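These notes concern the structure reproduced below.
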């Protein structure tokens, strides 16, 4: 591939991005699309005032959303999306900082060394092959290879310093989330699974007897987990009725007015009290008949009087049989994945092994499309395709078509195939038996990350060797040399992949094509006027974190090998900064909070990318016969490993366990303020296996937002028409 092919791919993707972003700026102004592009604002914020905007301005592209996304502070992101949203945005900020440093070093120092690495007659820039700009153009035993070694030292040290401060700051935010939030029921609650069966007692009685005996002073109460039964069916019917009645204006709901039930007589409509304690007291599962008690699962939420007591009970071994009375700290009430709590604990390990095998099989089946994509980037494969399919010979000879096929089409095909990966991995993570939604997303995030790095990076780099030679990794010591030969030659594909899968995917993310199509179908095909307030989306960490980390991985490994990729990566991360901020502020709803528990995944992935970059550089210097440069890489690898071990010992435990010191201080503070009894009453009804209550609480009480953010005033005005079911009028000063 030459520079003109790369410019063709860049031009196509720039045009796509400009068109999609312009279309987004128009669609977000339309009253009917407010439920697509302002979902979080509709759900969580009250309406304040109206504005006006001319019809002409509604159909003219504008950049107002860029300014609003850029001006938002970390405090606003924290108030809207929680620690998870801030930690996610720190990935983007870290990437921007480290690749600015890498771009300055590599573009002004390493790139000229690569370009003039051999004595040759250079062509015009647009006709030059991209391999001329890679380290492969540097001749063997060149004295200029020390420049690459120095650049790698500077990039690695800068990345480690930035990673340290990011890890430190996010750890502080996590601790502040634990101490600064209101009393959290999960701090007092332990999930116990593997409750042994007794023919004389029910599971509920067994749990009460066990914890009353061994934790007599700290045990408060418990709540059993139940499987599907008649009560669950009634709850689902009630939820559907609740959604129907929610759309009725409250002014028309009068206790004295008779309402006619289909098939029956008229009855007065009685407004139920939706307080959790009243509902739980009237639908207590402990009062069920013996035939219905068979629906009890061998799992329960056990409530303790203090946070420290719950912490101790969660971390100690309860029985001589590790498969019985298994305890762990409970997730937040809105984070519980209820359908997996009924899985017997003895099946969990088998499910994990099964899903691991299924993930590996799926990963290797994906080799087929990756190999096909890789063949399109190589000229000899295109010649073979032309000979086998004669009518393509004339088409592929056209210069523009040839550039599109080699520079644009492979990345697009691979990107389309990759869209099937996150739903599949999410299904595997659900089958594993994870007890919380955040654990399920975190598990899917790890699977998608491994999958994308393997199939997008390693398989594309080594596809020719894997398909043709099964001995590519016959010896471990040959791995650096194999990667060193392959990475510079495949750098052009990764550059085009950043353009297609990076820039275009961000444009699709902000466009929200699937919700937009569903909204169009609902409004113009089904003719439904009621807005679907229950269809709010949570942030897709399991898809977006692996996407960002893949580009971080590609950026590190190609930085000194093919520096031309760095400007395109920087454009991607700057665009990601604006797009993701806009989506967090306006679209995605926070239903639970994990306290940034996925950040260790980010740190470990960045360290792995650095180590792999250093190993590849070691192989390249060995191939180029530069023993001095190779010798200097070995200390860098050891220092990176020591840095990772320090971070693992210093910060990682905070993300796995809660500090006893902080929990004891919080217990003492509650006792001094005299609110322990109030907290105990709240936690008894927190884990309610009822979709209506959980849905109501997650939307109304779990989405705090500062009301003093002036730059959001305009968008708040735009939502008034949708809530009042009147024609929308926009504020001209806010929406442009």
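Just so it is clear, glycine is given a Cβ too, placed from its N, Cα and C backbone atoms.
Some features that TrEMBL has for this protein:
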TRANSMEM  6-27  transmembrane segment
DOMAIN    6-166  domain 'CSC1/OSCA1-like N-terminal transmembrane'
TRANSMEM  98-117  transmembrane segment
TRANSMEM  144-165  transmembrane segment
DOMAIN    187-247  domain 'CSC1/OSCA1-like cytosolic'
DOMAIN    284-340  domain 'CSC1/OSCA1-like cytosolic'
DOMAIN    351-621  domain 'CSC1/OSCA1-like 7TM region'
TRANSMEM  353-373  transmembrane segment
TRANSMEM  408-428  transmembrane segment
TRANSMEM  448-467  transmembrane segment
TRANSMEM  550-580  transmembrane segment
TRANSMEM  601-623  transmembrane segment
TRANSMEM  629-647  transmembrane segment
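The average pLDDT computed over the domain 'CSC1/OSCA1-like cytosolic' (284-340) stands at 83. Tertiary proximity for the transmembrane segment (550-580) is limited to same-chain residues at least six positions away from its ends with a CB under 8 Å from its CB atoms, namely 6, 10, 17, 66, 69-70, 88-89, 91-93, 95-96, 99-100, 102-103, 106-107, 110-111, 114, 130, 133-135, 148, 151-152, 155, 159, 449, 452-453, 456-457, 487-488, 491-492, 494-495, 497-499, 502-503, 506, 509-510, 544, 605-606, 608-610, 612-613, 616-617, 620.
For the transmembrane segment (601-623), the most Cβ-contacting stretch among 98-117, 408-428, 629-647 is 629-647 (pairs under 8 Å). For the domain 'CSC1/OSCA1-like cytosolic' (284-340), the number of residues in each DSSP class (helix H, G, I; strand E, B; coil) is 22 helix, 14 strand, 21 coil. Within the chain, the transmembrane segment (98-117) has long-range Cβ neighbours (under 8 A, six or more residues past its boundaries) at 132-135, 137-139, 142, 144, 147-148, 151, 154-155, 158-159, 162, 555, 559-560, 563-564, 566-567, 569-570, 573. Within its own chain, the transmembrane segment (144-165) is flanked in space by residues 94, 97-98, 101-102, 105-106, 109-110, 113, 117, 135, 138, 556, 559-560, 603, 606-607, 610, 613-614, 617, 620-621, 624, 626, 628-629, 632-633, 636, 640, 643, 647, which lie at least six positions past its ends and keep a Cβ under 8 Å from the stretch. Here the transmembrane segment (6-27) lies next to the transmembrane segment (408-428) in space: the count of CB pairs under 8 Å, restricted to residues six or more apart, reaches at least 3.
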